[in-house]
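A short write-up of the structure that comes next.
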């Protein structure tokens, strides 16, 4: 009887250990990789704005930093404007992309 209980406990422990796993990458909201504004742009924005910040169906962004502040860019990303939809990026990612785009002058 003791051997059966011990075997059951060992088996349960193994199952729980196998189901454990780590939380590495569990809280990512984008597939581009956290902190990489260029990758975020490529994955979320380039389809409309062009892979090189120009040549898309939406306005060119190659010199957007000379026209809009970082805060204004972030506001457009978060709230949308005209045909641009809102909510494509969360607040953290929007801030990263806005900072990156604001440098384009």
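Glycine residues also receive a Cβ, built from the backbone N, Cα and C atoms like all the rest.
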Can you tell which of 1, 84 TrEMBL lists as binding heme c with 45, 48, 49? 84
Those residues of the chain, 6+ apart, with a Cβ under 8 Å from that of residue 48 (heme c binding site): 56, 57, 58, 84
Same chain only, sequence gap of 6 or more: which residues have a CB within under 8 Å of the CB of residue 49 (heme c binding site)? 41, 56, 58, 59, 60, 61
Greatest inter-residue Cα distance in Å for the heme c-binding set 45, 48, 49, 84: 10
Close in space but at least six residues away in sequence, with Cβ under 8 Å from that of residue 45 (heme c binding site), the same-chain residues are 61, 88, 97
Same-chain shell around heme c excluding 45, 48, 49, 84, C-beta within 8 angstroms of the CB centroid, reads 46, 47, 56, 58, 59, 61
